Each structure stands twice: as structure tokens, then as C-alpha cells.
Amino acid sequence: MTQHLTAETLRKDFLAVFGQEVDQTFFSPGRINLIGEHTDYNGGHVFPVAISLGTYGAARKRDDQVLRFYSANFEDKGIIEVPLADLKFEKEHNWTNYPKGVLHFLQEAGHVIDKGFDFYVYGNIPNGSGLSSSASLEILTGVVAEHLFDLKLERLDLVKIGKQTENNFIGVNSGIMDQFAIGMGADQRAIYLDTNTLEYDLVPLDLKDNVVVIMNTNKRRELADSKYNERRAECEKAVEELQVALDIQTLGELDEWAVDQYSYLIKDENRLKRARHAVLENQRTLKAQAALQAGDLETFGRLMNASHVSLEHDYEVTGLELDTLVHTAWAQEGVLGARMTGAGFSGCAIALVQKDTVEAFKEAVGKHYEEVVGYAPSFYIAEVAGGTRVLD
């Protein structure tokens, strides 16, 4: 599933499915978050990178008002046809709800999409892995529409439309990190993003003799059906309770002193744990960015470890599979740090590993994980990529 495609292959595949030559081909990356988990909807900082696993697209404008979607990942669904005038969420339309949502909100924003198009998609992000296949597809759709219809579309506006699609069309109360990382990514750079202001820095990702290993639990996770929305609601309630004494809008405005000082205002122990994670994770992200800028990878790794402990015990979004991967990774030679990445509840973890120990690392972690969980994990080396773009 990690096959990379060329523009030429995409053209051939498009022709085989739709019987027409393609207009243009595209690539949209996935993302991992180095640190700063569940902070994006809490007004905190995040530190993601776009990666070379992602979503490929090929498209051709039509002369009528019909959208035709085909995914090589869901061949059994065949070509799904949708009238351009009827862009509403329909469960049976499966993956096409993501592009439908983006097109709906582009039109709502005043962008003229006056014809249908044929849209071929292939993703090599493992499904349900938490590497943002949905956001990758959302930003891909926007860039396809931008080029087919010559839209005057600022990339940040498209990022916001991707989030709007996730929140108001699909029904997941996610933050803006995934779409931002995918839309604004740059080669060999991490994005240090303040989700409260959307101010960001592109930070050189110099890992020296280390690589980021992505560890996939291979346990499916459906974000919309998980406890993700529940965690967000708990944090929003904690903010309401703190507003009795504090002039704040988000947990990201607090430091660790404040969350301790005013903890008595939060009436539920679980909500206090959620709030503590959001505040301290934001502080860890500030420190991690400074450590990376200074070339201090040992400190960066320790902050990764502390992040996972907080996600495990305070935010409670890890579970057996992620904890087994991360705890086993911590015990291996050559590992500077490891943590879950993404929303949690399965999906993936990452580890910062010395290059010359990677093979031994994969063997040891994979063996122990299979003994505990009953099936094998998958491993990928995270290659940092640029944002969504035209291939040819």
C-alpha cells in the first residue's frame, strides 16, 4: 500500500477507468505530528510535518454537471456519480463525501465551479492509520478544483475549507492542524504552528544521524466514531469552568502554573486531567521547538516521551496497541524518544531512532508487539515532503 506513483502511471490508470485523457495530475501528502497532540482545537501549538505517503489524484474537466469519482483504494465501489447541484452528505457515497464537502464549501465561498469533472484517486496512506488520509484528500480536491476552474484561491483559505468540511460536513470536531500541515508543508521543514493565531514558522528538520520511524498498530480507527469529540467537549467544559476566574477563550492561553493555581474550578477529575494535558502539552511543544532549533535532539526525545505519558494517563487516548509500541520502543538501543501521533485510539506512533539501529529496532518492536497483540505492526521511514501540488 506504500507504492509511489508517477504522473505517467496516473495518466494510464485514469485512461483505463474513464476512457479519456487526463487534464492534470496531483499529489497531496499525509502528515505526522512530532509533538503537540490534541492541542490544535485547544488553541495551542503543534509541530507537524508533511510526509511522502499521501494521496495521488488525476482529473479531467467535463462538459456537463456531473462529478464522477473513482478510488483505486475502493475498487469495489466503482465509479460514483454525483450531480454537481446535489453536494450533500450521503453515507453510501463513502469516501466521496470528503471531496463533495470541499466542493460544496468552495461554492459557498463564492468560487465558480460550473462544470463537473472526472476524478481518479489513489492513496498510499494506510487507511485508518491516523496519518490524515481524509485531510490529504480534502486539500487535494481543493487544489484540483483550483487548477481545473482557475480559481483565485489562497492556500490558507483552502486549509480552512478543509477543516470546515471535516467539522460541518463529515461531523468530526477536529482542529486545523492536519489540513494546515498538508496544505502548507515544505521540504525538510517542520511547521511550528500557533493554532490560535495561525502564525507559523517553517523549522529546518535536521535530525543528524536519526530518522523518524512511523509504527502502525494496524488497528482500524474511525475518528468520527471514536471518543475524539468527547475529549473536545471535556476541554470546552473545562474552559467554561475556568472562565469564572480567568479571561481566557482556550486552554492554550494558560501555563502550567495557572492550571495548578485554578484547578479547583474544574469540578470533574477527568476534565481536570484533560485540561492539564492540553496546557502541559502546549508547553512541551514550545520547548521541543526550541530544542530542535538548538540541535538538542536528546531533549526533543525526552519531550516526546513525556507527551506520550500524558496522552496515556491524562488524556487517555492511547490503548493497548499504541502503548505496546511506544513502551517497547523506549527500551530499544538507539531510540531518543517515542510517542503516539495523531488522534490516538489506535493508528500510529513515531520513534526518533538512530539510522544504524533501525533494522534491529523494527525486528525487536515488531516481535514483541505481535506477541502481545496477536498480529504484526507495520513500519515506515517518514520522508518529509512538500505540500499539495501539481505533479505535471
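Even glycines carry a Cβ here, placed using N, Cα and C.
Just so it is clear, the model here is predicted, and its values are computed rather than measured.
Features of the protein shown, as given by Swiss-Prot:
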- ARG31: site 'Transition state stabilizer' (SITE)
- GLU37, HIS38, THR39, ASP40, TYR228: substrate binding site (BINDING)
- SER71, GLY128, SER129, GLY130, LEU131, SER132, SER133, SER134: ATP binding site (BINDING)
- SER134, GLU166: Mg(2+) binding site (BINDING)
- ASP178: active site, proton acceptor (ACT_SITE)
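Sequence features, as recorded in Swiss-Prot, placed on the structure.
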residue	record	DSSP class
HIS38	substrate binding site	coil
SER71	ATP binding site	strand
SER129	ATP binding site	coil
SER134	ATP binding site	helix
ASP178	active site, proton acceptor	helix
TYR228	substrate binding site	helix
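Same-chain residues at least 6 positions away in sequence with a Cβ under 8 Å from that of GLU37 (substrate binding site) are, in sequence order, GLU281, SER307, LEU311, TYR315, ARG339, MET340, THR341, GLY342, GLY344.
Put simply, of the binding-site residues ASP40, GLY128, LEU131, GLU166, the one whose Cα is nearest the Cα of ARG31 (site 'Transition state stabilizer') is LEU131. Excluding the listed site residues GLU37, HIS38, THR39, ASP40, TYR228, the same chain places GLY36, TYR41, ASN42, VAL46, GLY175, MET177, ARG231, ALA278, GLU281, ALA343 with Cβ atoms within 8 Å of the centre of the substrate site Cβ atoms.
Among the recorded positions HIS38, ASP40, GLU166, ASP178, TYR228, the residue whose Cα lies closest in space to that of LEU131 (ATP binding site) is ASP178. Rounded to a whole number, the C-alpha distance linking SER132 (ATP binding site) with ASP178 (active site, proton acceptor) is 6 angstrom. Ranking the recorded positions ASP40, GLU166, ASP178 by C-beta neighbours within 10 Å puts ASP178 at the top. Here the recorded positions are ARG31, HIS38, and the one whose Cβ sees the fewest other Cβ atoms within 10 Å is HIS38. In the three-state DSSP scheme, GLU166 (Mg(2+) binding site) falls into the helix class. The most densely surrounded of the binding-site residues THR39, GLY128, SER133, judged by C-beta neighbours within 10 angstroms, is THR39.
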